[in-house]
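Feature annotations, reproduced from Swiss-Prot:
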type     : residues : note
REGION   : 1-56     : region 'Modulating'
COMPBIAS : 1-11     : compositional bias 'Basic and acidic residues'
DNA_BIND : 57-131   : DNA-binding region
ZN_FING  : 57-77    : zinc finger
ZN_FING  : 95-119   : zinc finger
DOMAIN   : 167-410  : domain 'NR LBD'
């Protein structure tokens, strides 16, 4: 009897063979020849190298994108299977055609039950689908592993960076010794420093404007300026290659770098506990005292530099090499041996960079950050040059030590102090 005949197996396509032999389109079918809304659209994307070209999905035959839940499938079937398991939807699936639908990339959206059964029959594993908590944990683990790999790459890069050569180690040794022999009090500066009395230079006189110089504080600073300048000169004379330069170039370089090196030496002796800098290894001063004693805004720049450098944990060699780089600045106006000075600075910079590699600081991008301090020090030197003119107006000439004037006054056309008999320049 017709009403008892069983439904035949479905033929290819989305047509259904009914018992009476009449072929009918499924209700709500979106696969008619005139419809383009459900045509498979292949979106180009990443395809793993282990897949053959245009390898098909084992569920629907669409282009596969990789192994998903233990089978080679497309993104659509992967997502369908995952959603079904995560939301426990399969008990509610049903088939109108006796569970014998053919699943391909055209019909896959028409019967959820047959599609799910096809997923299971080809070997997709339900136990590999993660619930929300496991999925979050997996993503967290992936991120942690990614960060771990990044850190390993950084460590690997650090280990592969070149360290000083034998000749560079010798250069570093000589520069370090030059610094240690000319750096007042050395590592014992904290024990030997004396604090400038609090009543000196703390605030401008009430009747004066904010840019007046506190003469008492200025007078205290001038007592230590001459030995501080002399130590910078002595440091330069001990450096390889500096004494080979013409006397005129030596003077230009010393005048240009003197304030920069003195500022660096003060900045590395910043004490965060007392919020003071120690000048010339002996006089501890506050920001306001240094500012009101003549330096003005330059004081802020030096203190800010000190705060920043306190995080760098520089050793004597790094401070010494910074000073050498500042000294051998080939862009100082009036130099004659520009190329020679530039090559000298390059030698110091290369040895410096290799020494930084050897030290392996924990600060990221340590080398470029440290080079930025050279720029900061150059700006301090430039600001002090204009500030010096203000001090000359505000302070009596007799308060200025001769060497202070000689180094910081503009003496175009003059070489300053005459050369000594041994050919060295400045005192």
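One-based numbering along the chain as shown.
Each residue, glycine too, has its Cβ placed from N, Cα and C.
Secondary structure counts, DSSP: the zinc finger (95-119) has 8 helix, 0 strand, 17 coil. Assigned with DSSP, the residues of the DNA-binding region (57-131) fall into helix, strand and coil as follows: 28 helix, 7 strand, 40 coil. Residues belonging to the zinc finger (95-119) score a mean pLDDT of 94 in the model.
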